[in-house]
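K.L.:
Quick one: this structure, given as structure tokens, is what I'll be asking you about.
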Amino acid sequence: MYLKKHESKLLLIPKNEDKEDAGIIAVLTDRVPSVLIVRWFDLFCFGFAMCSYVLDFFSDIGIAIFHFWAGRHLSGALVLTFALIPSVIINIISMVWMLDDEMHWKRRAHPRRTGTFELNQKRFISLGKMITLCIFQMGPLFWYYKALYYGWMFTKNKKDDTDKEKRKFFMKMVEAERDATLLRFFEAFLESAPQLIIQGSIAANYFQNYYISGKYPYWLYFQAASLTLSIISISWSVVVQNRSLRMTRDDKVNIWPHEAVLQFCWRFLTILARIITLVAFVLLFGIYVVFLIFGHLIVTLVHVIFLQALHIEACTHIEKLLLLINAMIHLFTPFNMAEGNTRYRYLVAYTVEFIEMMIIFLLLPTPLDAFPLIEKIRIGVPATFFIGIFIMLIYYKFFHPNRRQDLEAPNVERNEKLVVSELNGIPSAAIEKAEHIEEIEEHSVPTTSESLLEEDECHN
């Protein structure tokens, strides 16, 4: 269990770069499920993610403008810096992926691809529109819109799941969603999470100053709304990242809507408690909180290495980078980046969070005594944390998708035995004829893995 290396489930890492052909990379977790399902909830997830991204980004920009307008230039500069720099990084990555797709679109005239589904379609979006989206910091919306479009085309198609065109729609939707959720995931922890500490500290200071008068400036309400949107954004990004990975795995069961809601509630409550704890550390220690964060990263890195060590063939540098990224994500919320049991990983991570929360609210009470409503905060924050943990336990005990998978496994086994018993009663000549027909179909129709390798837009 300890120091055992696991496969990464955050990134789709190539097995062999020599297999790349016209932009197609065979990746470890790219598998097409045997049963293709796109629910209305999946389409809702795409739309909700687009709305939350836009609201989160522009609310941060609006808060920065409010601060500049009121003459609080330092506060405005901090909010604007932590909003724009991560957004620029994410949109540069998005632009690189778009250009990569554009390059592979131009290479589709390969003789092997003549007459395929791909050549009958125009490019999804023009290069000019791609650049415009990224300039206005809306690059990630392209991938969500693409996933939403192909998901809608899949649901509109009334043909059987074995239909080649319908499977293409599904694979394109999954590919676009994978890119979108990965961008959104990193955007959440590059931009939204640091913004929560910055804006939370600013809001706490001004709340303390205006509490005696009882009259709060209007921008403080907007800042509270912006903080709420950021927490929603982070919580939802973790949920959809998990859901996206499960959708493409034939060995995994996809997340149902009520399971996603439980995951979201658990994440929202624990992240809310964690952010309030970090803001309290900032109010208490100021700039010296950097040393506490550094200490937390060291502790986190140790237990991540012990419990979530990754194995990526011929990619030792990527292993180290992913471990470091995972440790930084743990500053805000535990995240399971590796395959395997999550019990001990979350137990250790949430124990560290609980100890830090108790230190700031119970062992060091004197400096925070002057803060308004501090007694309610000391009770409310741990209560919020434990409610989130309780929802997590309910989720894993009764509603985790693997429980449905375990229940379905015996039925699958019984069906296989039934098929075998039925075949025993079929004449051998009929079986040979069926096998001959199946052999002809295998030579005329591409297999699932071959159709995946024909997919032209997998680039990361």
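Note that Cβ sites are derived from N, Cα and C of the backbone, with glycine treated the same way.
Just so it is clear, the model here is predicted, and its values are computed rather than measured.
According to Swiss-Prot, the record shows the following:
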TOPO_DOM  1-45  topological domain 'Cytoplasmic'
TOPO_DOM  67-77  topological domain 'Extracellular'
TOPO_DOM  99-123  topological domain 'Cytoplasmic'
TOPO_DOM  145-219  topological domain 'Extracellular'
TOPO_DOM  241-274  topological domain 'Cytoplasmic'
TOPO_DOM  296-320  topological domain 'Extracellular'
TOPO_DOM  342-353  topological domain 'Cytoplasmic'
TOPO_DOM  375-378  topological domain 'Extracellular'
TOPO_DOM  400-460  topological domain 'Cytoplasmic'
TRANSMEM  46-66  transmembrane segment
TRANSMEM  78-98  transmembrane segment
TRANSMEM  124-144  transmembrane segment
TRANSMEM  220-240  transmembrane segment
TRANSMEM  275-295  transmembrane segment
TRANSMEM  321-341  transmembrane segment
TRANSMEM  354-374  transmembrane segment
TRANSMEM  379-399  transmembrane segment
K.L.:
May I ask whether the transmembrane segment (379-399) has at least three C-beta pairs under 8 Å with the transmembrane segment (124-144), counting pairs 6 or more apart in sequence?
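P.N.:
Answer no, regions not in contact.
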K.L.:
Given a Cβ distance threshold of under 8 angstroms, which distant residues of the chain, six or more beyond its ends, lie next to the transmembrane segment (354-374)?
P.N.:
204, 207-208, 211, 273-274, 277, 280-281, 283-284, 296, 381-382, 385
K.L.:
Under DSSP, the topological domain 'Extracellular' (375-378) has how many residues in helix, strand and coil?
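P.N.:
In the topological domain 'Extracellular' (375-378), the DSSP-based counts are 4 helix, 0 strand, 0 coil.
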K.L.:
Which one of these stretches, 78-98, 275-295, 379-399, has the most C-beta pairs shorter than 8 Å to the transmembrane segment (321-341)?
P.N.:
275-295
K.L.:
Residues sitting near the topological domain 'Cytoplasmic' (342-353): Cβ under 8 Å, six or more positions beyond its termini, same chain?
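P.N.:
Distant Cβ neighbours of the topological domain 'Cytoplasmic' (342-353) are 1, 270, 273-274, 277, 296, 299-300, 303, 307-308, 330, 334, 336, 385, 389, 392, 396.
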